Amino acid sequence: MKKMVLTALILAVVVVALGAFTRLTDAGLGCPDWPGCYGFLSVPKQDAHIEQAVQAFPERPFEAHKAWNEMIHRYFAGALGLLILIIALRSLFNSQPNRPKKLPLVLLCLVIFQALLGMWTVTMKLQPIVVMGHLLGGFTVLSCLFLLYLRLTNYRIPGGDANLRPLARYGVLGMLIVIVQIALGGWVSANYAALACTQLPVCEADWVQRLDFAGAFSIGEADDYEFGTHSYAERMTMHVVHRFGALITFLYLCWLAIRIYARASSALFRQLSVILVLVLGLQVALGVSNVVFSLPLWVAVAHNIVGASLLLVLIMINYSLFRKT
Ligand code: HEM
């Protein structure tokens, strides 16, 4: 069972990365229908099928490479869904004591909802709330799989770490801050606001006068949301909020890591606080590189995956802080 959960966890990382790749190559509508592609089970290859596809969806020109990006993401996501179904069924019929039963079922519900979000992403033409929700849903499935893996692992914190108990609530706050920061990043990405600010440390000279918080977090009505519907000022505001969020996240997590390191009586927590600072530093460096190098594809995909890794590190810290020794 543990091996199966580990396989699902690795597969979930691949699915999240493929999702980011699909979004960042503007292939979210590479197949304008769901679950098939232009009415076929796979990407149409024969000339006659392509002709049929073009006639069925005249508003969406057929681009094979975008269609493949989208379908590969769907195939991997489908495989993950099946694996989670098997895990849920096996845990339901497992008679061993102390085996998690609720979490695998929660995971199954989550992955079904995530598939629906994937469908709405296509049918609602990249509506930003749905795109951001789909990103958060992917991170939630990944986090729950990681939690399930931790729960199937028997590890002890040598000597216990009663010293760190008072820090548990600060650990939870750290995790909530990271979740908000991830959602803000998802909002920037879903609204194509990555290149709205090209200067460092904040934005172009008159950014303060242009701030428009109400507009930045509103959803306009459109038939198609591809490439965004917000004005420059609204996109700039989203971007600025994500950068200030990054500052708060950075300062808070550094403080948390130092507090944990200073109080820890076990090597595990010292290692975890070092890993936290390293992953955080890498994430900030990737974020700054997104801006400096004008969003190179691989940097943007890495910023997504390292963001997910930061969340997993915080889950591990919280799990260990709350765990009875
Ligand atoms: C401190 C922790 C940070 C976290 C957890 C975080 C997380 C995220 C996430 C999850 C996304 C969405 C990625 C996607 O949709 O694939 C994102 C997007 C973005 N972030 Fe961050 N970020 C952080 C810091 C920064 C910093 C410091 C900067 C720049 C100074 C930055 C710039 C960006 C940009 C430009 C995007 C949009 C990229 C795109 O369109 O895909 N981030 N961030």
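From the backbone N, Cα and C atoms, a Cβ is placed for every residue, glycine too.
Feature annotation from TrEMBL assigns transmembrane segment to 75-93, 105-123, 129-150, 170-190, 244-262, 274-295, 301-322.
Within the same chain, residues 24, 194-195, 197-198, 200, 246, 249-250, 253-254, 256-257, 260-261, 302-303, 306-307, 309-310, 313-314, 317 sit at least 6 positions outside the transmembrane segment (274-295) and bring their C-beta atoms closer than 8 Å to a C-beta of that stretch. Beyond the transmembrane segment (129-150), the same-chain residues lying 6 or more positions past its ends with a Cβ under 8 Å from any Cβ of the stretch are 2, 5-6, 8-9, 12-13, 15-16, 19, 23, 28, 80, 84, 87, 100, 103-104, 106-107, 110-111, 113-114, 117-118, 120-121, 179, 182-183, 186-187, 189-190, 219, 225, 304, 307-308, 311-312, 315-316, 319.
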